[in-house]
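First the structure, which I've put down as structure tokens, then a few questions once you've had a look.
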């Protein structure tokens, strides 16, 4: 249940404006080698040196690329992965500072991509590393997208079993528990799962949207829940959750959900009061602090907020894009900042 909210307005920088000093060029061409800029931070206390290394390709499919990296020295507040899609449009993927891997979904088969990973400290990009990858050709090895929604799902995954990976040392067995629906609204579905045995490096959630387009949502291996935003009311969706180890999908769980019918819109300023939750036991009070703009570029906005009282399970950031289409970005309850690309 949404029990408190804050809002803010922001105008993105003009496209013709000079680039912000810390903004590296979008990856339209081979960038110059970037030196770490830790010697001139904006704070009075000089932060420890932070170094990014070994950005490498961990997995490749016709529609996605898995990447891994290391931070041998220091730490970063967050990362940003930039690349150009098959149509030449710049894309940016914000990543938590604790992450060391990511799966980039929605790519095209047999295409070469160049990925640029930036490490951010105090909202400034202070280190940069790059790599290239070519997506696999379209073939039958890719696990099927859920186009046949009404057919019964085989509970056994089609991916290689966990006990026979192509490494010298066998990996411990990893098992996905039941994938179940935890919440439903007219435009979103919340999902939860368990890992009763072993662990996974990451997860990928796949489904078809209301327009029949395949969608993939990558998640960290520590995740046990996700809210899928941007859905259509009164629609049936079939979700497929894949557990990845060593860049391979080794277990799968699936479930169906039907979004609710649209509800009458609550006028601005008429949100339900936070002091009267509908549960039998009253929830501890949770309060959102000020939502502030921390950075602005021509193609992104950084936001920050605080929680002066209580805690939240998760957050959802909603806004309308330049075409007037509603967008929603789910975040973990521990988040206090996000970059909207």
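Cβ coordinates are placed from backbone N, Cα and C, and glycine is handled just like the others.
Caution: TrEMBL annotation is automatic and unverified by curators.
Just so it is clear, the model here is predicted, and its values are computed rather than measured.
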Given the ranges 250-282, 283-315, which one is assigned the annotation region 'Disordered' in TrEMBL?
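From TrEMBL, the annotated region 'Disordered' range turns out to be 250-282.
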Averaged over the domain 'Fibronectin type-III' (51-143), what pLDDT does the predicted model reach?
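Summing pLDDT over the domain 'Fibronectin type-III' (51-143) and dividing by its length gives 87.
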Under DSSP, the domain 'Fibronectin type-III' (287-341) has how many residues in helix, strand and coil?
0 helix, 31 strand, 24 coil
Within the domain 'Fibronectin type-III' (175-265), count helix residues (DSSP H, G, I), strand residues (E, B) and coil residues, in that order.
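When I sort the residues of the domain 'Fibronectin type-III' (175-265) into the three classes, I find 0 helix, 50 strand, 41 coil.
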